[in-house]
């Protein structure tokens, strides 16, 4: 392979090129005086001195040392040969478009988080004292890679070239200090601000085989990033440059793009504060400085605990916030901060954890806006309007109400905590559910609207406040609560649970149809005559004596009843709540109905069978026994809830809605891919019930009562469909929890449960929300059961999901929940994801209303169990030592 032609520039702009292969002939020099000429495939334009690229003007202040093979000086215009050195030929730029090279200088698209960037062709600066095979190797390597290459022969010309071009890669000859000091050149370049994102490579001599390789630390101390062992092979040089491009250069390019983000932050009117995981301040923007009265130098590097705190916050607010964000959840609410001047200001605060090195939370980003409801804030806001940012303050003032203020000023978190639980030990481990509902991350747009209206009511005239009350009533009874769910933690278990439980289907595959067998035996003449409540065998009766306890073991009942627990538990629970009397039906009719319903549950399902139905019935009955729930509902509501719990999963095929939609099942077609199973459960239950008078429990009630009861049952069963999970929880929090919390903490309220439940009864929509929340919690209460029961349920639901994944693979259907592969799935991790995403917030809200300390204690213990297994990388239900026992 031939070496690179040597190109020189004379005073007049004439370019000279020497082929290094002919270097043995000292007088062979090619002169280009005008026009364009192609030399060795290099396209050079030389019409006039003015047309030469600017980089060619980088001239040496001093001639290079006359040692080693050098470029030949140009001939004089008269044709005479001149042997003296040309002192001005010290820097060269060559376009990399050659007639023989396939390399093209092109742009590349690079993704940095949500930003999409364009990376332009890489520029390389070669700094060598003299031309040799090594410099030529890098030159032609740049040509092959499509890089733009510049060569400089002295420190001065190198600095000039770098300050003009800002090359991404600099290669410095470090093989011989006779001509220049490579480390001094590197330090000089590093002294410029522009070098922050430049990668500097040192070319070092080869180490003899009998000598130990020298340390790279002196090079790193001088500012070099890498060293390259002398190798003039073009391929070796090319490989090194390409690795640098795709490694350090690409990373530095992404970092450089952050300048745009910091520019946006500096001009943002919202105060921004970034801290480390240990709450050390790392960045504040100018808006934060103006709001708090500090300058940046007074804050950077300080811990938040070193700054003065306002005494207007509740005592445990900071602990609550820290507990929330340490879990990786975003916190939003109202917080009082103390300015440098000493006065307190009320802020809307949004704190977002950011995952960094090691996949752990490394930063907390806080966005803060003034809450303009007190005089200090208004005065501060007025002062802001007088500075250079006055033009946008009208937007900023209105925008301050856009943040997610979930914590009403009238709510005393400490007082709520003291009312929420009678178990002191539980309070020390987990702050109250009522307090947490103000910091939930499931807020929908309509919730923001309600919070804005609540804030506006505080200082409004009475007529305006009353009008806003009417607006709130309308909003709280309208279907506007579906949340805008962002990307949750990038956890495949969470993603799969969301995809499998909250979507009706992914996509339809033509030609694949799934039809599950339906056990619709309407006569059931083969079934034995059901036992009466008085004829229950003693072993079953003894178990049922404990059915009012939350710790009731449904699996023991399953075993002694030969997988028919629903009939026996149903007889006991329905008798306790007077269902037969309400429906005006005989006990025999009720027994026959329970038997028909249980017969249509699939005992072959590991989870969705009659034992699960009995478990949900038991939980529903337990909730109905709680004082506040009992006081909020009528007898019809209780009967509807018990019936809904009994039928809520009848004829479940052991597959999710997404599976049925993807498989093109008959049910998915019938119900238009919407709430397929839930619609089927209710429709089949009423079909079975009204088919034969022997088990038609509705035959003796009047039409109006039947329609009301039927509507309540359908509404509750449909509420178990997970696509509207967050809608139901949001509405319950905003329409039940928050108004009750405000009423209980109001100085004019006596905190009477009777008064609260009376107010709920005055609004039928609120009763509907309570019934929906009750059956939803009963349906997924497994994580709140005693540990042994929780573990058994976790194993059963996992096995059912494993079976679905197996069938999806066999039929070539989309795999709805890929993590539920029986060969690779971590059951503890799936339970943690389910609890974090679906259970915790919902049961916090339900506990705040119904007061359920025992359940919350079990939930905390079970979560700890799964976390322990996950931390130990154990994918099973128990530790190996527990399995041995």
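Counting starts with 1 at the first residue shown.
Every residue gets a Cβ built from N, Cα and C, even glycine.
Note that TrEMBL annotation is computational and uncurated.
Database features (TrEMBL):
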REGION    56-108  region 'Disordered'
COMPBIAS  91-108  compositional bias 'Low complexity'
DOMAIN    264-328  domain 'PAS'
REGION    376-430  region 'Disordered'
COMPBIAS  391-402  compositional bias 'Polar residues'
COMPBIAS  415-430  compositional bias 'Polar residues'
DOMAIN    532-873  domain 'PDEase'
BINDING   608, 609, 610, 611, 612, 649, 779, 831  AMP binding site
ACT_SITE  608  active site, proton donor
BINDING   612, 648, 649, 779  Zn(2+) 1 binding site
BINDING   649  Zn(2+) 2 binding site
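Overlay of TrEMBL annotations on the structure.
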residue: 608; record: AMP binding site; Cβ neighbours (10 Å): 21
residue: 609; record: AMP binding site; Cβ neighbours (10 Å): 23
residue: 610; record: AMP binding site; Cβ neighbours (10 Å): 29
residue: 611; record: AMP binding site; Cβ neighbours (10 Å): 28
residue: 612; record: AMP binding site; Cβ neighbours (10 Å): 25
residue: 648; record: Zn(2+) 1 binding site; Cβ neighbours (10 Å): 27
residue: 649; record: AMP binding site; Cβ neighbours (10 Å): 24
residue: 779; record: AMP binding site; Cβ neighbours (10 Å): 22
residue: 831; record: AMP binding site; Cβ neighbours (10 Å): 28
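Max Cα-Cα distance over the annotated AMP binders (608, 609, 610, 611, 612, 649, 779, 831) is 22 Å. Restricting the binding-site residues 609, 611, 779, 831 to those with a CA within 10 Å of the CA of residue 648 (Zn(2+) 1 binding site) leaves 779, listed by sequence position.
Here the domain 'PAS' (264-328) is broken down by DSSP into helix, strand and coil counts: 28 helix, 13 strand, 24 coil. Taking the centroid of the Cβ atoms of 612, 648, 649, 779 as the Zn(2+) 1 site, the other same-chain residues with Cβ within 8 Å of it are 608, 613, 616, 645, 652, 720.
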